[in-house]
Structures are given as structure tokens and as C-alpha cells.
Protein chains: 2
Amino acid sequence: MNDTTFAVLGTGGIGRRALEVSEDKDDLTPVAACDRHGVAVDHGGLDVDELLAATEGNIASDGGATVDDGGASSGVKQAGEERGVAASVQAEPTETPIDDVIAESGAIDAVLIALPNLEHDFIPRVAERFAAADYEGVLVDVLKRSRVIGMLDDREETLQGSGITFVCGAGATPGFLTGAAALAAQSFVEVHEVDIWWGVGLKSGYEDNRGTVREDIAHLDGYDIETARGMTDAEIEDLVDEHDGVLEFHDMEHADDVLLERAGVCDAEDVTVGGVLDLRNDQKPTTTTVTVTGETFDGEVATNTFELGDETSMEANVNGPALGYLKAAVRHNRAGDYGVFGPAELMPGF
Amino acid sequence: MNDTTFAVLGTGGIGRRALEVSEDKDDLTPVAACDRHGVAVDHGGLDVDELLAATEGNIASDGGATVDDGGASSGVKQAGEERGVAASVQAEPTETPIDDVIAESGAIDAVLIALPNLEHDFIPRVAERFAAADYEGVLVDVLKRSRVIGMLDDREETLQGSGITFVCGAGATPGFLTGAAALAAQSFVEVHEVDIWWGVGLKSGYEDNRGTVREDIAHLDGYDIETARGMTDAEIEDLVDEHDGVLEFHDMEHADDVLLERAGVCDAEDVTVGGVLDLRNDQKPTTTTVTVTGETFDGEVATNTFELGDETSMEANVNGPALGYLKAAVRHNRAGDYGVFGPAELMPGF
């Protein structure tokens, strides 16, 4: 593949680590990054080390990811005189960070939308803004909630008209593990069940993983996105303490289900997602495993299994796949293949 | 995806089973099939049941797959008055089966070349013939040998000029397991080692799996394709007896290595392929496993693992992926993305 330029919207945990991982990829050049207060653009390639150093404490209560709501900034640590990206010598303060990136998007092959835990229609609306500017390129998000996919589908014609190849749900799960399930399904002519079970260990705790933890809490029984958003940091710390730092999730609303259904692998209801989050140990509390059970053309029922090594961090399993899907999408986009794709649709067909 | 029409060249084990598996796929319509003596074409869709019944004993010493060498046919069982495909009421006898399919290819989206164990340049030459006829569509093969990939690359410009999207090595290994390795690599920024270890149980023995067994023997120490081709059926039976029906293979020349290298996953030399073939039990002698060891962006070394359920037959693991890659390739082809692809290149980028 030729060299690919990309931008990151949001410089919380995911955005920052995507920039970091891209330094290990010869063919990926980060050229723009923004958060709610600043934007850095260098079409020759950002100085990632400088940007990361300047934004080191950039883990807001919302994942450091909110860029345009002008809301509470209590969780944003400051570095230098400016907060967040604006602290970088490469950046300018701005009130309109996304518009500023869109203004440069003619020279940007792909945009990673690293904005978790916002309103359901936030990412679809961001996509619309790129389409309104006739952006021709790739948009990738790492959303988790099933219901967002339909909102993107509703906008497919707009995205196609602009020349956008949108990959939704391209993190760890959905994303990496969705793709693994789609691949594992290749042995079968009928898939009975897909079970995704993840383990994440974050010894760094809530303090350094605010966005992720808050979004996961919204999946606990008795909570939803609204209640999780409304919790104070102290309330979240209390909740974590009550569970001795270990939160277990079952039947999560994760878009793996609809993403596998739209790829024709199985019905959404045959997909279950759950996992265990340990906020007091870096070691994973359980091994991340995808099992796919199905029937072969010759009538056997079997289970294929994909396991991630326990030493692979959540960050490694989000950002590698996000950039991997981004690269696959750029290939599609350059060939003129536009629209909304799930990770499983970038795999062999089922 | 819209409905896809496809043809099968060769109606040995792989070709016949691909037709069988396609019956479970709503969006795949087989419209042509040929072997060395006959060709069946029905653009409205072949009657697969009739064709399979007519060619039931079609397991030649060379896999029933040779279609144009006019060579020995001692291994071809006969069904009806004609041998092979020609025994089907849907077929005509022919001396030029591949040319006959090419003549119909304007209405064929994809062609599965199910011709194992032939001269190294046979499949590349078949591809050239399709290109010479200005075929615009997909060609998929299930070749195993690393050296064939280069021969296809040498012809890439010709294939692109015609509008061909060629997927090489799209069976079980290379193919399914290559894709699994490419996906498993997504956790890492550097892959140290890919190990592919397969188990196949074929209680039906040599008699019903001539092409596969003969090709595998060519991978044993002291054998190569020429010596394996030169063996009589009795010599092969003797060799199998000497090993009590269980053949173990190490450091096989399987194209997984070059296919992963061309996808940028790792160096070819970091890939090892081996396995165990049991010709006296249907149960697998060992679990088919892909392990990918690498280093994450945050400096951890870990191993991701993909395991196939022991109840999944070799046939299921060849034909599902072959048709899966075929469908992925049709999507690329329709978007105008032509050239030579390995399975790993149809996965998320690395």
C-alpha cells in the first residue's frame, strides 16, 4: 500500500495511543490531531513524541475525547499553559477543532474518530459534517453500542455521495474480536452461537482510564449511558471500591451482534458479549476468548476458538486493529468502494 | 452483496465439495463446472445434486482435477457411460474444457481453480488464458506451494489489464489459517513467529483422497512434487502402511510464508507450517492451531492463538474459506480493485 495520511479526532487514551502505535507503522503518517481546545496539523507528519508529551495528562472524565461540547473540564489535567493538544508547539487553540480538521481533509486519507462515550448520534453527526464538506476518504470509529450502527446506515447514501468509506466499531470489541468471529465462522455453513468474553486489567485504575471505565459502567445492570454520565468521579470510585476493583459484565450491548448480522454470519441474538474488568491489577482477570459454534457442510457441530495472549493490553488490542481496519478501508476507498462497513465485512465473506 | 455466479475448474474432491458448500450459500450460484473430459454450463444455476451424483467417483489419482493434460486416467472411476462431468445430463463432452468455460466467462463473476498438484506454472498459465480473453472477474485458487506466488506476481500487470482480481492460496492452509495469522497479528507492532500446525483425519484413506495425499507426500523429507507424481498408487499405499497410516510433516513449503510477508505481517522465514495426516481415522490426530507471537506497542511479548474444533473436517476448512475469499474478492473486483492478492491482504492491514 502507498503511504497513508490520517488524522485523529480526540486525544484521550485511544487517540493518543493510536498516534503512538502509528509510529511503528512505516506506511501510516499522522498529519492532524485535535481535542476540544486545540488542533495540530502538519501535512509532512506530526511530531508524535512532542504531541504525546504535551498532552500526557489528557485523560478527561469523558476520556479526554470530547471536542466540541464546551462542557466540564474538571478531569482534564493541564500541561503547559494551554490544556490538551493546544499545549503542543505544533498546535493552535481553536473553538472549532473538527471544522479545522475538515478544512484540511483534502490531504487526509483517513480519520480515526476516537470519541467514546458521547451521545449516540454524535459520531453519525460528525460523519455528516465530513460528507457536507465533500470529504473523499475513510472514517473509522471505535464505537461500542449496537444502536449507533443503524444511525450510520441511515446516512449511508450521504456518505456514499461524498466518497466516504466508513468503518464502524473497529476497536477491540467490536472490531478485532468481531473480525475473529467472522473468520472463525468460515468452517461452518450455519453459525449457532458467537460468544465474546473479554478480560481487561488496568492497574492504573479509574484515574487514568476515565472514559473507558465510565462507558463500561453504563453496561452494568441498573446503569445506562445517562446515569453513567451523570455520576461524579467520587461516585465511580465508590462503585469500583464496592466491587473490590473487579467489574463483571454480562449480555453487554456491544455492536458485535449487529455487525455480525449485517455480514451475514449469524443473527444478532446469537451473539453474546461479556467480560471482566480489573482496575487493581494489570494482569487480565480472564483470558479474552472468542468462540464460534456452528455446523459444517458435512453435518458436524464444532467450536472454533480465538484467544488473545494475556500479556496483550486492551490498548494494544484496540489500536492495532483500529489502524489495521483503517488501512483496509483506505484500499477500498481508493478503489471507489464507499459506504458503511463493519469489521466483519472487511473479512472473507460468509 | 448481490448474487454472485461462479464456475469451478476441476471436479475432484475440492471442486465437488465447493459446489456442495455453495448450496448452503444463498448468494452464490454455480453456473459452470468442468473436468478434463466434460463441461457443464447453466447460467440459471447448475443442478448441483445431479452433477454431484453423476461425478460421485470422480477422485482421480491427481485429485480428479487435471483437465487438460490428456494423461493417465487410471484413477478415474466411471459413472454412467461418460467419465466425470460428462456423465451429467447437464454436461457436454469436450476436448477444451477450460476454453469452453472462458467462452462463457462474460456471465461468470468468479472462477474457483480447484486444480491441485499440477506443474507449478499451470495455474499462472490458466490465469493468463483468462486474461487473454479479457475476462473481468475473480479467479481464486487453493494452491499450496510458496514458489507459485511469484509466478502470479510476474503476471500481475496482465491480470490488472484484463480486470482480474486473483486470490491465490485461498484454501485451509494457506488460506483460512493465513488469514487467522494476519488477524491475530493485529495485537502486535512486530511479529516474531507464526506457527501453523494442522491435523487432518481421513479415515476414507488414500483411495478417496488421492490428490491431497499425493500432494502432501511431496512435502515429506526425501520427496518432491516430481517423485510424488511418479509414484504408483501401490507405492503410495505402501508408504502409508509403513507409517501406520499417520504421516507427520515439518517445515512444509506452504505459501503461508510468502503470503504473510507480502501482507507485511512478518518475514517469510518467521513462518513455519507442519501437521499430521491420519489416513485411518476420521478423528484429527492433533488440533489445528495457529499461534502468532509478537511484541505489542507497549513492549509486551505475547502469543495469540486460533484453534479449529476437531470436528471440523479438512473439507469444511478448505471450501468455506475458498468461497469466503471468493466473495470478498468479488466485492473488490466490482469496485475495480484488480491484481494479485493473498488471503492476508483481504484482511485488516498490518
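From the backbone N, Cα and C atoms, a Cβ is placed for every residue, glycine too.
For B:G10, B:T11, B:G12, B:G13, B:I14, B:G211, B:T212, the entry in TrEMBL reads NAD(+) binding site. Within 10 Å of the C-beta atom of B:G10 (NAD(+) binding site) sit 33 other C-beta atoms, taking all shown protein chains into account.
TrEMBL lists B:62-89 with the feature region 'Disordered'.
Over all protein chains present, the Cβ of B:K144 (active site, nucleophile) has 25 other Cβ atoms lying within 10 Å. What TrEMBL records for B:K144 is active site, nucleophile.
Secondary structure at B:K144 (active site, nucleophile), as computed by DSSP, is coil. Under the heading allysine, TrEMBL lists B:K144.
Annotation source TrEMBL lists active site, proton acceptor at B:E215. Counting every protein chain shown, 21 other Cβ atoms lie within 10 Å of the Cβ of B:E215 (active site, proton acceptor).
Cβ neighbours of B:H219 (active site, proton donor and proton acceptor) (same chain, under 8 Å, six or more residues apart in sequence): B:F249, B:M252, B:E253. Under the heading active site, proton donor and proton acceptor, TrEMBL lists B:H219.
It is B:T212, among the binding-site residues B:T11, B:T212, whose Cβ has the fewest other Cβ atoms within 10 Å in the structure shown. The binding-site residues listed here are B:G12, B:G13, B:G211; among them, B:G12 has the most other Cβ atoms within 10 Å of its own Cβ. In this structure, B:I14 (NAD(+) binding site) is part of a helix by DSSP.
Taking the C-alpha positions, the distance from B:K144 (active site, nucleophile) to B:E215 (active site, proton acceptor) comes to 9 Å. In this structure the C-alpha atoms belonging to B:T11 (NAD(+) binding site) and B:E215 (active site, proton acceptor) are separated by 17 Å. Within 10 Å of the C-beta of B:I14 (NAD(+) binding site) we count 27 further C-beta atoms, all protein chains included.
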